[in-house]
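Notes for the one structure printed next.
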Amino acid sequence: MKKVIINTWHSFVNIPNVVGPDVEKEITRMENGACSSFSGDDDDSASMFEESETENPHARDSFRSNTHGSGQPSQREQYLPGAIALFNVNNSSNKEQEPKEKKKKKKEKKSKPDDKNENKKDPEKKKKKEKDKDKKKKEEKGKDKKEEEKKEVVVIDPSGNTYYNWLFCITLPVMYNWTMIIARACFDELQSDYLEYWLAFDYLSDVVYLLDMFVRTRTGYLEQGLLVKEERKLIDKYKSTFQFKLDVLSVIPTDLLYIKFGWNYPEIRLNRLLRISRMFEFFQRTETRTNYPNIFRISNLVMYIIIIIHWNACVYFSISKAIGFGNDTWVYPDVNDPDFGRLARKYVYSLYWSTLTLTTIGETPPPVRDSEYFFVVADFLIGVLIFATIVGNIGSMISNMNAARAEFQARIDAIKQYMHFRNVSKDMEKRVIKWFDYLWTNKKTVDEREVLKYLPDKLRAEIAINVHLDTLKKVRIFADCEAGLLVELVLKLQPQVYSPGDYICKKGDIGREMYIIKEGKLAVVADDGITQFVVLSDGSYFGEISILNIKGSKAGNRRTANIKSIGYSDLFCLSKDDLMEALTEYPDAKGMLEEKGKQILMKDGLLDINIANAGSDPKDLEEKVTRMESSVDLLQTRFARILAEYESMQQKLKQRLTKVEKFLKPLIDTEFSAIEGSGTESGPTDSTQD
């Protein structure tokens, strides 16, 4: 007989009633598969449960023996150790906090009667605390703003005028050092006689060098299209460049060596020459800014040549001093001679010798010593390079300056040959040549589209707006149009020049363009071409109604007057096709322009109202149908061409496949035969083995 132990609630004598339900709930949750730890609210129950376990272990064992079936542990027994472990962990932390919690409870009990009085004062205290917090936040924000204001740094835009002006300031001391340091080192009198001035200029240039390094740390640069203004980034960017190392070397205080060697050694300041890149940068920016770049390039080249000749003259004088003045015919003459003892004569003679040598003219005394020969050979090589540079650069500059004239002259020559070949009258030839002369003298030979085609669309539109928009707004029908349409039309305006006596349009001509007078005078003349009715001047326009092709116009699409140029006239032309192309994107503007055109025709009595209100014109429908037919024909031809290409490609592919088959067939046959042969050979061997 198996004994079945039935545990009742009375078996757990030492377990308080408060703990039982909570523990049972947690155990049932764990049986159902819920993996959750006990919350902080269950810490007390866990500790009480642990105490009951320690006091009555028999009850714990009897509780565990409560199974669903005999001989097998229940799910409660499986999960209970984990639950008890969790209870122990929580209990250990709770035991440490028990004395503190007891003290807090005592304080709370004591402070309960006081809290009733303080609850009344709580709103006032809360308000005061909130006000104090707001004040602190405002003070912190004010401090942050002040700190941000302090951190804000004035950044120089490298493309602005301030940076360009500073480049000019730093170029002056650089050029001073490059010209005077070598001269003072070679000509002792120049250094000793004007020592005070040189020292003042030297240290002033050093101050400018230091300021230039500071300016470099405040010069912005573009990062993702935006100018960087953070001080730390600017400094790090400058330090990471190779120029920073050169700048540091150029401001090393080598003047301290004056204490050891004396004031007659200005060559100790040669490290100041390392700042030459700033001079090159200034010249480069000036070349892009000036309106006369070719002249600036020539003058810049001449300056470089003069500096090279100056340095060569100083080196020649120093070599003569090292060998001895007057020791041979090649060196500088004896300085004891009054004619050659002056400082001005020393420099001029050396400069003259250097110029003759570097320009390969010669006519100088021949060298005597080996060192003199080496120096003259080096000078001749440098002179050849300088001469080639001069000829090449000046030749290219002159060709660039005359490129426009040469191209224009080529056009005139081609037209002259054509008129001579076609036997054009002499009067017509004179008119054509005068027209070309007018274009050249008034600098109207530039093709605007050719010049502006390299610019982005937005920049090109802005230039066209600045040049033509005011002129286009003078036209009545375009006065109230939206800005987008005006920009489209401005880009389509074409400049035209007419010579005296040229007809812009004649009565009865089909109107395909409208004209706006930019400069010059036009006359509305009779059929005889002499009688003038009206003179049109700058800002006038005509032909705007004809390009709208308004239905019901009695004049149709033809010109109603003869307009002739009195002198040379500059006009802007807007074609009908360009206008209609622009109006396709602006249908509302098209309707508004047609209404304005109808009002103008009604005022002049040139509008047939019945036809205008008759609805759509069948001619327009016919035009649309013809356009559709032409587009369909175009598509058919394209489809036929594509189909023919497809068929030809198929034929070529088939031919290639047949060639490949012919090539591979013998190879495949040989391989199959080899396989069959190997199979027959292996058969008898297998049988013998068996």
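Every residue gets a Cβ built from N, Cα and C, even glycine.
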Same membrane side for L226 and T290 per Swiss-Prot: yes
Of the residues N327, N423, the one that Swiss-Prot lists under N-linked glycosylation site: N327
Of the residue ranges 343-373, 498-528, 529-559, 622-652, the one that Swiss-Prot records as transmembrane segment: 343-373
Matching range for Swiss-Prot feature annotation, transmembrane segment, among 265-283, 569-587: 265-283
Highest-contact recorded stretch vs the transmembrane segment (164-185), from 242-251, 265-283, 292-315, 343-373, CB pairs under 8 Å: 265-283
Range from 242-251, 265-283, 343-373 with the greatest count of C-beta pairs under 8 A to the transmembrane segment (292-315): 343-373
Overall pLDDT of the region 'Selectivity filter' (360-363), taken as the mean: 78
